[in-house]
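Annotated features, as they stand in Swiss-Prot:
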type	residues	note
BINDING	C97, H100, C119, H125	Zn(2+) binding site
COILED	137-177	coiled coil
DOMAIN	283-495	domain 'B30.2/SPRY'
MOD_RES	A2	N-acetylalanine
MOD_RES	S87	phosphoserine
REGION	187-200	region 'Required for interaction with GABARAP and for autophagy'
ZN_FING	15-60	zinc finger
ZN_FING	92-133	zinc finger
Amino acid sequence: MASGILLNVKEEVTCPICLELLTEPLSLPCGHSFCQACITANHKKSMLYKEEERSCPVCRISYQPENIQPNRHVANIVEKLREVKLSPEEGQKVDHCARHGEKLLLFCQEDRKVICWLCERSQEHRGHHTFLMEEVAQEYHVKLQTALEMLRQKQQEAEKLEADIREEKASWKIQIDYDKTNVLADFEQLREILDWEESNELQYLEKEEEDILKSLTKSETKMVRQTQYVRELISDLEHRLQGSMMELLQGVDGIIKRIENMTLKKPETFHKNQRRVFRAPALKGMLDMFRELTDVRRYWVDVTLAPNNISHVVIAEDKRQVSSRNPQIMYWAQGKLFQSLKNFNYCTGILGSQSITSGKHYWEVDVSKKSAWILGVCAGFQPDAMYDVEQNENYQPKYGYWVIGLQEGVKYSVFQDGSSHTPFAPFIAPLSVIFCPDRVGVFVDYEACTVSFFNITNHGFLIYKFSQCSFSKPVFPYLNPRKCTVPMTLCSPSS
């Protein structure tokens, strides 16, 4: 009953020209309504044939263009009609056109849709190739059967990928748990001195576990969705193939496009051989370094700085801190006094007041926040003579310098003897320093002829060691703040 009324209403609001529901309906004085685009096209046609009067395409009653009025009432009916969704009991049958109510007997090859005879004559399908459903059903049955077999194969591949990612996830979990266990066991042996390293290593592994398992879980979720999607397509195809001819062809374009556009995506995985693996021997080496540092600290001496006559070097009152300042050079030109702010390459090396002629001696220098410095020991000069060390500086062991340095904030170097081709210039070799030191320890063993440098910031790791040093003269602690104005500080034994 309701469907019959609905069809009658649809007839009343269907454009007589395009046979579709009215779009932006306009009403003529005679009462007939048309789509705005359709009646406008009718006007142009009348002008083309030079007709003196414009007439209604239905009843042929003449009208003037200015008498055409928008029909809001009809527009509202059309809008409501488009929103109507009938229940299965009251709605149209599945084999009837939802738009025209006519029986679906034809198949449009271009749109791959089942249509009625009115659809075939509409603007949407005009010029398309249409066939009776019986003529194309077998062809599409073969296509869908082939697609079903292909999807079943893809289902197997998808399930294998899903299983692989789950196995990969479990493998990563076991591997990382194993590494965590090793870390805990190794750090337990070194608990007193390696608490920081233990915490740092565990944090790294926790972050690695979180990142990798999170990524693998996302991949697993994608694989599950992918598998489910394939299953849904298979279920849809099986339903179509087992149903009626109408069910086979109804919406077949959509299902074919989904199948054609579907490609299986492989999950993101990680290579175990590319990750950083924790090794306990490194901790044992760290323990050896720490024990060596503990041993040399027994020889800590209270070093202070000697007075100097270098104008651009500032020594603190406690004689533990030294810093450099940029020189300001005054000069006359054209009868006027000018100030130059140019940074000349002045030397800024300072000696410690304590001379070393025997035994073992150790001290530490705070170099935090500095971008450049040089430190170590220097031989052959008497600091109490107010001698400007820098006038004859040549950082080579053969000239009495056993030093290391930093430049540009990241480049650590050791100054060695120059080659035979450049004997008067030191060979500056780069040092591999993983953790930048805020404090450097210096140890001199006069009898063993060695000078060692320790990274106190990194648990006393050895930075560099000079061996077979020629200590034919007294040696002194040496500090050079270079052009960086941040001070260098000699640490007291109690610090």
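Placement of Cβ uses the backbone N, Cα and C atoms for every residue, glycine included.
Listed binding-site residues: C97, C119; maximum Cβ neighbour count within 10 Å falls on C119.
Within 8 Å of the centroid of the Cβ atoms of C97, H100, C119, H125, where the record puts Zn(2+), the same chain has further Cβ atoms from R99, E102, I115, C116, W117, L118, E120, S122, E124.
Using a Cβ-Cβ cut-off under 8 Å and counting only residues 6 or more beyond its ends in the same chain, the zinc finger (92-133) has close neighbours at 3, 7, 10, 18-21, 86, 245-247, 249-250, 252-253, 256. Cβ packing within 10 Å was compared across the binding-site residues H100, H125, and the lowest neighbour count falls to H125. Look at C97 (Zn(2+) binding site): DSSP puts it in coil. Taking DSSP states H, G and I as helix and E and B as strand, the zinc finger (15-60) has 13 helix, 9 strand, 24 coil. The secondary structure of C119 (Zn(2+) binding site), as reduced to three states from DSSP, is helical. DSSP classifies H125 (Zn(2+) binding site) as coil under the three-state reduction. Across the zinc finger (92-133), the prediction's mean pLDDT works out to 85.
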